[in-house]
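S.K.: Please read through the structure below; I'll follow up with questions.
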Amino acid sequence: MKTTYVNATIVTMNEQNEVIENGYIIVENDQIIDVKSGEFANDFEVDEVIDMKGKWVLPGLVNTHTHVVMSLLRGIGDDMLLQPWLETRIWPLESQFTPELAVASTELGLLEMVKSGTTSFSDMFNPIGVDQDAIMETVSRSGMRAAVSRTLFSFGTKEDEKKAIEEAEKYVKRYYNESGMLTTMVAPHSPYTCSTELLEECARIAVENQTMVHIHLSETEREVRDIEAKYGKRPVEYAASCGLFKRPTVIAHGVVLNDNERAFLAEHDVRVAHNPNSNLKLGSGIANVKAMLEAGIKVGIATDSVASNNNLDMFEEMRIATLLQKGIHQDATALPVETALTLATKGAAEVIGMKQTGSLEIGKCADFITIDPSNKPHLQPADEVLSHLVYAASGKDISDVIINGKRVVWNGECKTLDEERIIFEASRYKRGLQR
């Protein structure tokens, strides 16, 4: 089926960051087959023409690091540093999860993401109390594009660790799909929660299955001190010594990196998921994204979980990301709007291995979102589109979300998830958690 979306202002995020006024996009099934300016002449003999009535159309946002299974934990453990937050609040609560609660929590996160303009994401979930197949089915039902990864820890006995490795390898073999809507990565939690043997096994699984790796790394000064004291190496060098960087790797955070480490990461195709709000809220610090980009590191913006953010609004992350770089460098030119948008769209897609999305160009997947500025005073005057998207817009402004050519959100209504039921069940399951 061919559908044309006409009368739109199109933010292409192509190589020229071209913005097309009064343009149209032609979609055939799941692919974009044309993007042009001017009046549509129906040269392609399309089946349906939809008038966007001047809406802004931009690529769907790509969240490079989150934990949607934790969505019921919003507001629990505020105003705490990372380690006590994990050890006294998050992990004890996650130990109470049941398969049904995990699905309800996941649905809430998916609903929030897709209604606020995120179309693709990379996720890590703690497998305790979780039916991994049910989580994957839930994500698939949402219509979103995702890399959903089972997190590995070295908690418990060596036998427990061995079993975790076996389960993770089965999971990777079952769900890894380089070009599909749903895939996975090998996901050791971090250097401070995984043994050397576990990290080495994760590296082996990634190499043998040709998958990517996703890990929390260099998130805090404490992590760097502890790893250096234990292994005689900083986290980057230690992770490399375990073989993790033999495959393209996404490190979440990268807050505490020096110049040599940034150069090393760029050389070894290690990408960074930048979580500005989460890093600020947990008191972890501010990642030097400007220096990362100058070193040649691929960077994508991310939200982390609602437990440490406390929302999944990628527009908010874009804005805080650019403002932080301007502030810490005392340089108003740091991370300009075009770069911020890139780090939330095509740049983010590249970070998590989804090059088929992230821009509105011929041959790309039909993943795009729309905003109607006509009834929004904070987006007026409406002629500075790129500026408004980064500095003024929010996820609440989203009208429509098309993923893989399908209308997942239309006129603000989610078509794939039951919003009323999800919100009701979220409250019901949250009450059952013992705090």
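Each residue, glycine too, has its Cβ placed from N, Cα and C.
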S.K.: Could you look at D304, D313, D331 and say which one Swiss-Prot places alongside H65, H67, H216 in the Zn(2+) site?
M.R.: D304
S.K.: List the residues of the same chain that sit at least 6 positions away from H216 (Zn(2+) binding site) in sequence and have their Cβ under 8 Å from its Cβ, in sequence order, or write 'none'.
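M.R.: The answer is H189, S190, I251, A252, H253.
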S.K.: For the C-alpha pair, I'd like the distance in angstrom between E219 (substrate binding site) and D304 (Zn(2+) binding site), rounded off.
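M.R.: Cα-Cα, rounded: 12 Å.
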S.K.: When you measure from the Cβ of D304 (Zn(2+) binding site), how many other Cβ atoms are you left with inside 10 Å?
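M.R.: D304 (Zn(2+) binding site) is surrounded by 26 other Cβ atoms within 10 Å.
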S.K.: Using a 10 Å cut-off, grab the number of neighbouring Cβ atoms around the Cβ of E94 (substrate binding site), all chains included.
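M.R.: A 10 Å sphere around the Cβ of E94 (substrate binding site) contains 23 other Cβ atoms.
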S.K.: What Cα-Cα separation, expressed in whole Å, is found between H65 (Zn(2+) binding site) and R150 (substrate binding site)?
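M.R.: On Cα coordinates alone, these residues lie 13 Å apart.
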S.K.: So which other residues, same chain and not among H65, H67, H216, D304, have a Cβ within 8 Å of the centroid of the Cβ atoms at the Zn(2+) site?
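M.R.: The answer, listed by sequence position, is T66, M124, A252, H253, A273, N275, S278, A302, S305, S308.
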